[in-house]
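Participant: Marked as domain 'ABC transmembrane type-1' by TrEMBL: B:90-301. The transmembrane segment annotation in TrEMBL covers B:32-63, B:84-115, B:135-154, B:166-184, B:223-245, B:282-301.
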Amino acid sequence: MNDQATLLHEKTSRLHIRRLMNRLILGVVIIISLAVFFVILALLYTIVKKGLPNINIHFLIGPPEEIDAGGGVGPFLWNSIYILVLSLLLSLPIGIGAGIFLAEYAPNNRIMEWVRGAIESLASVPSIVFGLFGYALFVEYFQIGVTILGASITLALLNLPVLARVSEEAITAVPSTWKEASFALGATKAQTIIKTVLPAAKKGILTGVSLVACRAFGESAIILLVGGTSSSGQMWDFHLFSEGATLPVHLWYIQSEALVADAQQIAEKTSALLVLMVLFLSFIVRFPLWLSQRKK
Amino acid sequence: MEKQSPDWTDAMNLLTAHRQSRWTVKYTADRFFRFLCLGSVIFLGAVLGAIVLFVSETGFLVFRDVSLSEFFFSPHWDPEHGKYGAAVFIAGTLYLTLVTLLITTPISICVAVFIAEIAPPWLRQWLRTLLDLLVGIPSIVYGYLGATLLIPWIREHTGAPVGDGFLAAALVLSIMILPTITRITDDALCAVPNEWREANYALGGTTFQMIVRVVLPAAKSGIAAAVILGMARAIGETMAVVMVIGNVAQWGFDLVTPSSVLTSHIVMQILNVDFQSTTNHALYMMALLLLMISISLIMLIRRLRLKGGAS
C-alpha cells in the first residue's frame, strides 16, 4: 500500500517535471523567436525612419554631387530600374522556356537528370563568379568598358537558372488531369501549355519572378564589376553604353569611398530607399495574385 | 440521293482546304513552340557551360607560375613579391562560414519550430510573409547596417581598435541567411504528417517531447538541406562582407581583427590587376574554388533529397 502510494507520488511528480520542462522550453523558444523578429523589424524600422523623412523629389531624381552636399541619386535609381527591366526582359522568356521544356518535353533520361542537376547547382553559384565572367567578356574582351548593357546581360545570366528551376517546379505541380482535359478537347501541346498549364502555374512562377527581381535589384558585386561605380550623371538616360552603377553599388561607394560632404545622410536615405523599393517590388509582383485569390 | 451542285462541292473543298491549312498552322505552331523551349534549354546550358569553362580555363593558368601546394597551403599573399598563397582566403571563407552557421543554425531552427509548431495560424501566415520579404532585402543594406551600427558597437564592447573582422561579418551574414534557413526548415517541419504528432500526444508526450523526438528527427534531411543552402549563400556573399570584414590579407582567426575571405578579396583586387597577370589568374582560381564549393554543396542537397524521398 505504502509502496503504491510512493510510486503514484513519484509518477505524478515526474509528470509535473515534464510539464514544467515543456512549458519552460516552449517559453524559451517563443521568447527567442519573438526577439529575433523584433530585432530584424527594429533594424528595418531604424533604416526607414532615419532615411525616409529626408527623401524628397530632388533626392530621387536629382544628379549626384562629387564634393558638395545636397546631391541626389536620380541616375542611380534610374539605372537600377532600367537594368532590372532589361535583365528581366532578357531572362524571363528564356528562363521560363527552359522551365517548360524541362517540365513538359524533356525525356526522363540520365542526360536530363544531369542538366537538372547542373541548373540547380548554378542557381546558387556565388554572384561574384558571374561578375568575373561578365567583366572578362564585356570589359576585357569586347572592350566596351563598364556599361548598362553588360550589367543587364550578366544579371540576366545570374537569374536564368533560378527562373528555369522555379518555373519547372511550378509547372510540374500542375495536375496532369488538367492537361489531359485540354488534349481531349483537341488542343495541341503548345496550346495546352500556354492556355492551361501556365495560368495554373502562375502563382509559383510569379513568386519566382519576384524573388529574381529582388535579387537582381539588390545585386551589387556584378554591378560593381560590369556596371561600374558611377553613372552618366543624367536622368532618363536610355543609352545602353553609359556607366551602369545602381543604388546598391552607390550605397557601397558612398559608405566606403566617397568624398561628398553629406555622405552619411545620402547613405541613410539610399538604404531606406532600397528597402522601400524592394518591398514595393515584391508588392507589385504579388499584388495581382493576392487580389485574384481574394476574389475566389 | 440527289447530286450535289457544283457550288456545294466547291464550298466543301474550300472548307477542307481551310481546315487543313488551319491544321497545318496549328501543328507548325506546336512544333515551333517546342523548338523555342528546346532552344532556351540549349542556350541556358551553353551559356552556363561557357562560364564554368571560361572561369576554370583562366583559373588554371595560375599554375603555370605558382605551384599547387603554394596556392592552396601557403598563407603568404603578396603579389608584388611573387607570393600567391591563397590559404588565407580559403581558411577565412571556411572559418567565417563556420562561425556564421554556429550563430544562425540554432536560432533559425528555433524560429522555424515556433512558426510551424507553436504560433497560432494567423501569426504563422504573417511571419511567413515577413520572412519571404526579408529574403529579398539587398545584402548591401545588411552590410551597411553592419558597418554603421555593429562595428561601432563591437569596438566599444571588445576594445578592438578597428572592429572589422570575422565577428562583424558573421553577425551580418547570420541575419542575412536566417530567413532562408528558417523558411526552408519551416517547410520541412510542415511536411511531417500530423498523425505522427497525434500519436505522440496519444502516448502522453508533451509538445516539447513531440518536437524533439518526432518532428525534428523526421524533418532531419530537410533541415540539413536548409542549412546547406544557407551555407552556400554565406560562402558566396560578397559586398555585405566587403563592408565589414576589413579586407586585410592576414592569417589569423581572431574574431575582431580585420581579415579577408575569397569573395571579398576577389572583388577588391580584380579592378586593379591586368587581365593577363598571374594575380588575375589567381583571382579566377579563387572564383573557381567558390564555384566548386557551391556546386558540391548543391550536389549534397540533391543526394539528401533523394535519400529523404526514399525513406
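Note that Cβ sites are derived from N, Cα and C of the backbone, with glycine treated the same way.
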Participant: Taking the transmembrane segment (B:32-63) as the first stretch and the transmembrane segment (B:223-245) as the second, find out whether 3 or more Cβ pairs fall under 8 Å, excluding pairs closer than 6 in sequence.
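Facilitator: Contact criterion not met.
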Participant: Count the CB pairs under 8 A between the transmembrane segment (B:135-154) and each of B:84-115, B:223-245, B:282-301, then give me the winner.
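Facilitator: Per the Cβ under 8 Å count, B:223-245.
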Participant: Give the nonlocal contacts of the transmembrane segment (B:223-245) in its own chain as ranges (CB under 8 Å, at least six residues past its ends).
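Facilitator: For the transmembrane segment (B:223-245), the nonlocal Cβ contacts are 93, 96-97, 100-101, 104-105, 108-109, 139-140, 142-144, 146-147, 150-151, 164-166, 168-169, 172-173, 176-177, 180-185, 188, 216, 258-264, 266-268, 290, 293-294, 297-298, 300-301, 304-305.
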